[in-house]
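Here is the structure we will look at, set down as structure tokens.
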Amino acid sequence: MSCVYRSPAWEKMAPRAPRGLAPALLWGLSLFLGLPGPVWVQLSPPLKSSSPTEPHPCHTCRGLVDSFNKGLERTIRDNFGGGNTAWEEEKLSKYKDSETRLVEVLEGVCSKSDFECHRLLELSEELVESWWFHKQQEAPDLFQWLCSDSLKLCCPSGTFGPSCLPCPGGAERPCGGYGQCEGEGTRGGSGHCDCQAGYGGEACGQCGLGYFEAQRNASHLVCSACFGPCARCSGPEESNCLQCKKGWALHHLKCVDIDECGTERASCGAHQFCVNTEGSYECRDVDECEMAVCPGENEQCENTEGSYRCVCAEGYKQIEGICVKEQIPESAGFFSEMTEDELVVLQQMFFGVIICALATLAAKGDLVFTAIFIGAVAAMTGYWLSERSDRVLEGFIKGR
């Protein structure tokens, strides 16, 4: 058997201790002295109109109610879960209208990251409890009772603003059904109609620029597009134009492009030229490089806005006002700075190391290495006794 504890009225009316050490100390001191709590320790103030980046409080309230109703649907077949449902409902109350069910629904109303929902629930929790226990029968629509009548965050559909005024076109068909009334259903907004493409006017009851009335009756208006450059027209054909868009002129019920470049309407800079386009014109920069303007050898022209400049062609660099070919230095080898005689001495030193290694192997009695060693020694001896070796050694010793 499960027991349900219901808070007495005095407990709900008692002030709650705030969280945090400093606020808690000030709260306790105010109770001890019999003074009202500091202003900044009180519960959160009523919700105000949200900033453009936050949802309007009415939308938050609607989301809270929608989530609450889903919780009711989720728990419609639940019970107290104590094992003896009949006894529990007889002694406690029906689970359908019990505080147990209310608590279970409220626990899942707001997601963990939805700060605005949690804040609104904190402010309206007692109102929700009052509706649950006392107002359900007379006010079955929780959204209307909580968000519109009690918290005054929302307005009926088709109305807007603090006084819930009708949107342009009337609350039944705001903006004629062809636009969105700014702030509709909330206590904010200007009530301005944001009309769909092709519609205009205060209540979107007219055809917009570039459209004409294809059909109209007491309740509906169909606007169709005019021929390309027509701003106002009586039909879809080119000959139905009544007024032209900017950059066009009406001639025999047709819109003809105005050549701004041939009139004083075009305004281009000193180093620009005018190019006519449909309904407008463009100012383009004069490319001086199309003419031979760089007389220097190995120079090329670069066009700039309103002017040009002469630079050296690729692979050339400017030295004393003349473009000369860049010399790419060859990559230096490891022995590039050594003379031929020094290289010969280095080779002989290398051969000497090889002979020493062969001598070591030959000393172990290996006949193959012994034969190679004797041949190498003979070759080296013949070389060093030659006239070239004398010249090389003499030059190396003298530091040539």
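Each Cβ is built from the backbone N, Cα and C atoms, and glycine gets one as well.
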Cys204 - recorded disulfide partner, TrEMBL, among Cys195, Cys207
Cys195
Among the disulfide-bonded residues Cys195, Cys204, which residue has the largest number of other Cβ atoms within 10 Å of its own Cβ?
Cys204
Within the same chain, the residues 6 or more beyond the ends of the domain 'EGF-like' (285-324) and with Cβ under 8 Å of it are 269-273
DSSP tally for the domain 'EGF-like' (285-324), helix/strand/coil in that order, comes to 3 helix, 20 strand, 17 coil
Can you work out which residues elsewhere in the same chain, 6+ from the ends of the domain 'EGF-like' (165-205), have a Cβ less than 8 Å from its Cβ atoms?
49, 56-59, 152-159, 211, 219, 221, 223-225
Of the residues in the domain 'EGF-like' (165-205), how many are helix, strand and coil by DSSP?
4 helix, 11 strand, 26 coil
